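Notes to accompany the following structure.
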Amino acid sequence: MEGTLFPNKPAYPIQKNRPPRPNPSPKFSSAKLPPTLPPSHLSFQFDSLLQHLLHLSSTPNSTAHKLNDTKFSSSLRISDDSDQKQLQPAPKGNPISVLEFEVDKEEDVSDNGSLDYLTRKGKLILDSILEQPLHCLSSFFDTCKYELLQVDLISLLKALDYSGNWEKALYLFQWTLLNLGTANEKIDNNAIELMARILGRESQHSIASKLFDAIPLDKYLLDVRAYTTILHTYSRTGKYKRAIEIFEKMTESGLSPTLVTYNVMLDVYGKMGRSWNKIVGLLDEMRSRGLEYDEFTCSTVISACGREGLLNEAKGFFAVLKSKGYVPGTVTYNALLQVFGKAGIYSEALTILKEMEDNNCPPDAVTYNELVAAYVRAGLYEEGVTLIDSMTCKGIMPNAVTYTTVINAYGRAGEMDRALKLFDQMKKLGCVPNVCTYNAVLGMLGKKSQSEEMLKILSDMKINGCAPNRITWNTMLAMCGNEGEHKYVNRVLREMKSCGFEPDKDTFNTLISAYGRCGSDIDAAKMHEEMIKAGFTPCVTTYNALLNALARRGDWKAAESVILDMKKKGFKPSETSYSLILHAYAKGGNVKGMERIEKDIYGGHIFPSWMLLRTLVLANFRCRSLMGMERAFKALQTHGYKPDLVLYNSMLSIFAKNNMHKRAHEMLQLIHESGLQPDLITYNSLMDMYARGGDCWKAEEILRMLETSGGKPDLVSYNTVIKAFCRQGNMQEALRILSEMTTRGIGPCIFTYNTFITGYAAQEMFTEINEVISYMIEHDCRPNELTYKIVVDGYCKARRYKESMDFVSKIKDIDGSFDNESVQRLASRVRNNLESR
């Protein structure tokens, strides 16, 4: 291709065939290696990160540690959920806060502040309890056991709660449970109901679920309100089977569930998954009892469809609602937006927005957040950012959720610089990051092992008074998921528990994934068992965690069995599930398996989301399937999705490897037209293309362009240009590039040395080859079998068989670490060449 490679850039006056340089380049032995860098202090960086996180986690809520002083609550900690209500965005399309208000809006204590319902003895005991610090309560209760058991427990619990001491009320309740249990007496039903309401109001779901696990609820008959609160607690903590058991026991006892109770159970089934028939059954039951659906009912059902990818069911349910006269509100529309936004079908999301506007249903911040999510899931990041500006124009201020959605998307696409730029932008515009934003940034940096940047983020959290939550710790666990780092996983888990964060369902899923990536299948299986023992039901995310570990190993047979088990147990594989098995097929080299999934996607049996089509491009790239890549890339564009730089680079690379220069430059042009900038991978692919074609000067030209654009060449860049010169036999120019490379602090690798040896061997320069091998050994880069094989083949090609055999016989003298079996293979190679001449 004539002219410049990049628009608006001058052509470099580099001749294709340069004259020899007047001054000969230095010999290989004169190349100065950069000073050896000290080994990476991973443990030190990790220790520093962990210490910062421990400090941040331990300061906000000392009550968590104080509660451990009682025997009963050794495993109970004050949850951070109450803080999260202010720090985290409201769940999209699923208004849990509305549910909490409905469950807990009633109060049992009058507003006049009177404690007349307490006896004189009760008031004295109340005053004594209020004087005691939390850590002394257990021993205090033991000293006045007789008096406590004589006082009305419910009145005392109400008084403690009303005075703002719900933690002390919890202590008293636990102590009473233990002491009545030793006397084979039952605690009063009303006390359990009161405690349920107190913990529900405080959003202490983790504490409440453990508390109710310890109480034999089947021996009590509570009121509907208490049951509803307990069901909500189990729903929030992921203990869905337990919630279903209690609901069934409640209905069997003759109690009639309220609308709120049904709404909670719809939420339970929706979160548990593979429960569409159960949801439909509950809806029919509600109708038969004369209960009308409210907005929470509708949004919860639609959100359940979104979790399962039941797009048709969501549309059908919504259509039936409207046909029966139901007028959807903003919350219901937002839930429907989430369904299609989650699938990346932004066109359908825009249709829903238009319907909202036509029906005079005002969009809110959540509406726009869902639209932003729909755009970014379809790969349309810039459109998502533009939508943020549209929100502002309409008087709806973007919040932390809006920015976090786009930051997350940039992070998943590998656009870390743009994500961090947006993070800085939101802070400059006065939008304070919440814990979810920080978690997104920490997770992104953790994947790149950028410990120093992570420390800065933790410091920023401290400055803004943003306490880490369980997800922050889960992010730290995920960071440890690398080969041989299971000891770090164990340590983070231990410290996480010490800070009062008991593992939840997401933690177990993260642990399964982390241990799997560490190569510790035994620990991953153990976590799966622990998860079930803890009362959590495995879900699609759990299966995806297992698939993730298998995909990294290329174990597609085991991945197939996981998918089969999912379907057998009623789970519908998500786009992530199919994406992961595609990766497993690609890494395991099973092209037929990839083609089966591909056929289902193109045939409409699996929805062709942006993620899946993107994965198809990358999986085919791994298998070097040019046709497969082109099909997937075309399908991605046909569906209106926008390729990211990773996809463009993959397409450019495959064209470069197939010497399809014109197509490679078409991809380069598309990168510019998309508003993206070529990166190091783009330039390296172009260098490789010219190196393969024998145009060494053009390869160097690309290297200079990379430097001019502000980029920094890496080892791959220099190796590629060195390879280009060596292939043309221009060894002096190759040595010049090597000298430049080492001067810039980049040391050669085994590939660099073998490239030089290949170049010298092609020109029968065996003295120089010996010089390179000596240099390698001197600088602690041991030649491998390929190194010696190149030399042997060079001698044989020159028909210098005796010298070749002499070289093999002296290898052990040169390199004592080289094994005898390899020497024998090389000797056999010489003999075979000699016999076949």
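Here the Cβ of each residue, glycine as well, is placed from N, Cα and C on the backbone.
Annotated region 'Disordered' per TrEMBL: 1-34, in sequence order.
Among the features that TrEMBL reports, repeat 'PPR' is placed at 223-257 (among others).
The list of residues near the repeat 'PPR' (258-293) in space but at least 6 beyond its ends in sequence, with Cβ under 8 angstroms from a Cβ of it, reads 94, 96, 99, 102-103, 224-225, 227-228, 231-232, 234-235, 238, 240, 243-244, 247, 250, 300-301, 303-305, 307-308, 310, 313, 321, 326, 537, 539-540, 569-572. Summarising the annotation, TrEMBL assigns repeat 'PPR' to 258-293 (among others).
Using a Cβ-Cβ cut-off under 8 Å and counting only residues 6 or more beyond its ends in the same chain, the repeat 'PPR' (294-328) has close neighbours at 93-95, 98-99, 259, 262-263, 266-267, 269-271, 273-276, 279, 283, 286, 334-336, 338-340, 342-343, 345, 359, 361, 572, 574-575, 607. The annotation repeat 'PPR' is assigned in TrEMBL to 294-328 (among others).
With a cut-off of 8 Å between Cβ atoms, the residues of this chain six or more beyond the repeat 'PPR' (329-363) that come close are 92-95, 98, 295-296, 298-300, 302-303, 305-306, 309, 311, 314, 318, 321, 370-371, 373-375, 377-380, 394, 396, 575, 607, 609-611, 640-641. Residues or ranges marked as repeat 'PPR' by TrEMBL: 329-363 (among others).
The annotation repeat 'PPR' is assigned in TrEMBL to 364-398 (among others). For the repeat 'PPR' (364-398), same-chain residues at least 6 beyond its ends with a Cβ under 8 Å from one of its own Cβ atoms are 89-90, 92-93, 330, 333-334, 337-338, 340-346, 349-350, 353, 356, 405-406, 408-410, 413, 415, 418, 422, 426, 431, 609-611, 614, 636, 640-644, 675.
Summarising the annotation, TrEMBL assigns repeat 'PPR' to 399-433 (among others). Per DSSP, the repeat 'PPR' (399-433) is made up of 26 helix, 0 strand, 9 coil.
The annotation repeat 'PPR' is assigned in TrEMBL to 434-468 (among others).
Residues or ranges marked as repeat 'PPR' by TrEMBL: 504-538 (among others). Taking Cβ pairs closer than 8 Å, the repeat 'PPR' (504-538) reaches residues 206, 209, 213, 237-242, 272, 470-471, 473-474, 477-478, 480-486, 489, 493, 496, 544-546, 548-550, 552 in its own chain, all 6 or more past its ends.
Look at TrEMBL and you will find 539-573 (among others) tagged as repeat 'PPR'. Counting residues per DSSP class in helix, strand and coil order gives 27 helix, 0 strand, 8 coil for the repeat 'PPR' (539-573).
If you look up TrEMBL, you'll see 644-678 (among others) marked as repeat 'PPR'. Within its own chain, the repeat 'PPR' (644-678) has Cβ neighbours under 8 Å at 1, 5-7, 379, 381-382, 413-415, 614, 617-618, 621, 624, 626, 629, 633, 636, 685-686, 688-689, 692-693, 709, counting only residues six or more beyond its boundaries.
Annotation source TrEMBL lists repeat 'PPR' at 679-713 (among others).
Residues annotated as repeat 'PPR' in TrEMBL: 749-783 (among others). Taking Cβ pairs closer than 8 Å, the repeat 'PPR' (749-783) reaches residues 27-29, 31, 33, 715, 718-719, 722-723, 725-727, 729, 731, 734, 738, 790-791, 793-795, 797-798, 803, 814-815, 817-818 in its own chain, all 6 or more past its ends.
Here the repeat 'PPR' (539-573) has long-range neighbours at 272-274, 308-310, 505-506, 508-510, 512-513, 515-517, 521, 524, 528, 531, 580-581, 583-590, 593, meaning same-chain residues at least 6 beyond its ends whose C-beta is under 8 angstroms from one of its own. A Cβ distance under 8 Å defines the sequence-distant neighbours of the repeat 'PPR' (399-433), meaning residues of its chain 6+ beyond its ends; these are 89, 92, 365-366, 368-369, 372-373, 376-377, 379, 381, 384-385, 388, 391, 440-441, 443-445, 447-448, 460, 464, 466, 644-646. Secondary structure of the repeat 'PPR' (679-713), assigned with DSSP and counted as helix (H, G, I), strand (E, B) and coil, comes to 26 helix, 0 strand, 9 coil.
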